[in-house]
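Chemist: What follows is a single structure, and I will ask about it in a moment.
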């Protein structure tokens with residue numbers, strides 16, 4: 001009973017923070033003509049409720065795709081339809097065709113915020129709670145409630161979901177998939193991940209670790225026996241899950257092709273994460289390698305869009321290949337979770353059409369290992385929130401950012417004593433450090449060096465946050481601070497990518513993992 005009481009307090013605190021953030025501004029509030037992501041979600045409710053399914057993804061007189069056209073998979077559209085049905089019952093003006101465009105009112109804001117709360121309560125938060133209760137690693141001595149509190153107070157997700165405005169469903173479903181796989185419920189896990197992927201195509205960031213882990217399990221069981229049976233069951237489960245999600249569209253090939261064109265608009269170019277460079281989106285300031293390199297080399301001007309696509313695909317593939325090979329050859333839950341981080345980070349840094357919010361696809365897997373590497377996980381989560389700063393400032397979320405970020409750091413310091421967890425063993429680098437000690441003399445000072453770098457990083461992020469919020473940029477360099485935030489964050493992420501790949505490749509023991517047979 002005590003552990004449930006502590007967990008209830010943690011959840012209540014997390015919900016209180018979410019409620020407080022939701023009282024503030026949201027994406028594009030009062031900024032016509034495009035407004036922002038809040039209006040995009042409302043507009044999808046308008047379209048899915050008033051138009052037949054065959055028109056949802058097509059440009060028509062009633063569905064102008066240049067105005068927040070639906071560009072997510074069918075499950076997002078079905079969710080929008082359910083929300084629209086409830087909205088129509090409360091106030092038909094909220095989803096009236098054409099006339100509801102840009103609708104803003106306090107009752108409607110309350111309704112929209114409530115839909116996010118419900119998604120959190122039904123999908124994301126239960127998955128976090130059950131995941132924390134399921135932790136069995138010998139290194140995880142912290143109470144489940146402490147771990148859950150740190151995950152649920154991660155400011156990046158709170159600020160985007162309950163501030164900027166976004167639903168946590170795809171990440172929640174992906175977390176349910178991880179939870180199922182940790183209990184060897186491989187078929188249920190496959191269904192959950194298929195649902196996540198059919199809610200948001202960005203879940204492709206996590207697809208290779210799921211594929212490689214399950215394929216590796218099949219190999220371990222033997223492809224002439226149990227492994228072949230499992231492989232057939234998994235293939236059938238995936239096919240049936242996709243068929244169920246796409247059922248209204250599969251009768252017409254043109255419908256399928258149009259949906260796919262909307263999901264993967266490669267003609268927009270390497271940097272265009274969205275159709276518009278609207279006031280609430282800043283696609284050229286994403287903290288990935290392409291946008292950071294553009295400070296020195298205008299890639300858009302020297303490389304054709306098709307070449308950009310090929311280049312980003314090649315670099316992304318090569319960067320995630322080592323982790324995927326290791327996971328396939330030596331499948332383990334621990335390796336699977338670290339591969340989720342590494343592969344998602346590779347996609348974020350090197351892939352095509354990345355949005356700044358996509359860093360959340362890396363952050364949630366990092367949350368899953370915060371009990372194993374609390375120092376590095378906390379550091380990464382702070383940097384990921386910092387990388388969202390330009391977007392948060394445009395949405396008027398400076399105050400929530402300034403409160404939730406230090407609060408999260410304080411909770412992690414109190415829960416995990418992270419500044420005392422900087423040794424090579426604490427960072428899971430013991431095997432790697434042993435291979436380097438003969439060549440690198442300064443490795444004895446490793447904990448002190450890591451702590452110094454962490455404090456320097458915090459100071460730099462704090463200074464840039466203050467300057468971005470309070471100091472006017474030079475007239476000749478109006479984007480100085482957003483670019484600085486992106487480049488600094490990108491440099492951090494490159495180092496984190498190296499770190500997580502080292503963890504994966506030097507992890508020969510797979511500690512605490514039960515044997516796959």
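Glycine too: its Cβ is placed from the backbone N, Cα and C atoms.
Dumping what TrEMBL says about this protein:
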type     : residues : note
SIGNAL   : 1-22     : signal peptide
TRANSMEM : 110-133  : transmembrane segment
TRANSMEM : 145-167  : transmembrane segment
TRANSMEM : 173-197  : transmembrane segment
TRANSMEM : 227-249  : transmembrane segment
TRANSMEM : 335-352  : transmembrane segment
TRANSMEM : 359-386  : transmembrane segment
TRANSMEM : 398-419  : transmembrane segment
TRANSMEM : 453-471  : transmembrane segment
TRANSMEM : 483-506  : transmembrane segment
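Walk me through the surroundings of each of these features.
Modeler: Sequence-distant contacts of the transmembrane segment (227-249) (same chain, at least 6 residues past either end, Cβ-Cβ under 8 Å): 53, 73-75, 186-187, 190-191, 194-195, 198, 214-215, 217-221, 255-256, 259.
Outside the transmembrane segment (335-352) by six or more residues, the chain places 178, 181, 204-206, 208-209, 212-213, 266, 270, 288-290, 308-309, 312-313, 315-316, 319-320, 323-324, 326-327, 358-359, 361-362, 365-366, 368-369, 490, 493-494, 496-497, 500-501, 503-504, 507, 510, 513 with a CB less than 8 A from a CB of the stretch.
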Chemist: Please identify the stretch among 110-133, 359-386, 483-506 with the greatest number of Cβ pairs below 8 Å relative to the transmembrane segment (453-471).
Modeler: 359-386
Chemist: Give residue numbers and ranges for long-range contacts of the transmembrane segment (110-133): same chain, 6 or more residues beyond its ends, CB-CB under 8 A.
Modeler: 3, 7, 11, 14-15, 18-19, 22, 38, 41-42, 83, 86-87, 90, 94, 144-145, 147-148, 151-152, 161-162, 165-169, 171-173, 175-176, 178-179, 182, 367-368
Chemist: For the transmembrane segment (398-419), give me same-chain residues lying six or more residues beyond its boundaries with a C-beta closer than 8 angstroms to one of its C-beta atoms, as numbers and ranges.
Modeler: 17, 20-21, 24, 142, 146-147, 149-150, 153-155, 158-159, 163, 370, 374-375, 378, 381-382, 385-386, 389, 392, 451, 454, 458, 465, 469
Chemist: What parts of the chain pack near the transmembrane segment (173-197), using Cβ distances under 8 Å and only residues at least 6 beyond its ends?
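Modeler: Sequence-remote neighbours of the transmembrane segment (173-197) are 73, 75, 123-124, 127-128, 130-131, 134, 203-204, 206-207, 210, 213-214, 217, 230, 233-234, 237-238, 241-242, 245, 333, 336-337, 340, 364, 368.
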Chemist: Take the transmembrane segment (359-386) and find every residue of the same chain, 6 or more past its ends, with a Cβ under 8 Å from one of its Cβ atoms.
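Modeler: Same-chain residues near the transmembrane segment (359-386) but 6 or more away: 128, 131, 135, 137, 139-140, 142, 147, 150-151, 154-157, 159-160, 171, 174-175, 178, 202-203, 205-206, 287, 334, 337-338, 340-341, 344-345, 347-348, 401, 405, 408-409, 412, 415-416, 418-419, 421-422, 426-428, 450, 454, 457-458, 461, 464-465, 485, 488-489, 492-493, 496, 499, 503.
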